[in-house]
């Protein structure tokens with residue numbers, strides 16, 4: 001039972017990896033950016049757990065900045081993906097401009113929250 005489960009998991013990972021290798025480069029770059037933002041948020045949470053969160057607003061601002069940026073990047077990925085038929089009328093340039101504008105607004109709010 002355990003052996004077949006491990007083999008199924010390996011087959012699943014192999015299938016996912018071969019399907020992901022066909023992904024366009026611009027989407028892979030966005031995926032790496034999302035992983036980086038989430039990893040940075042996790043580092044901040046681990047740091048807070050180990051050291052403490054004395055300026056709690058700063059900790060909260062940093063984590064919300066990372067999570068908000070990751071969410072906006074996922075939205076950008078959805079809009080830029082050519083296989084997604086819902087956003088076929090939106091040009092990639094407009095999607096990127098929306099991403100930048102939303103990031104500016106997000107970080108203005110976060111800087112305001114820092115105090």
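FYI, residue positions are counted from 1 along the chain as it appears here.
Glycine too: its Cβ is placed from the backbone N, Cα and C atoms.
All TrEMBL annotations are machine predictions without curation.
From the options 12-32, 33-53, the stretch TrEMBL describes as transmembrane segment is 33-53.
Checked against TrEMBL, the range among 77-95, 96-114 recorded as transmembrane segment is 96-114. Long-range contacts of the transmembrane segment (96-114) within its own chain (CB-CB distance under 8 A, at least 6 residues past either end) are made by residues 57-58, 60-61, 64-65, 68-69, 72-73, 75-76, 79-80.
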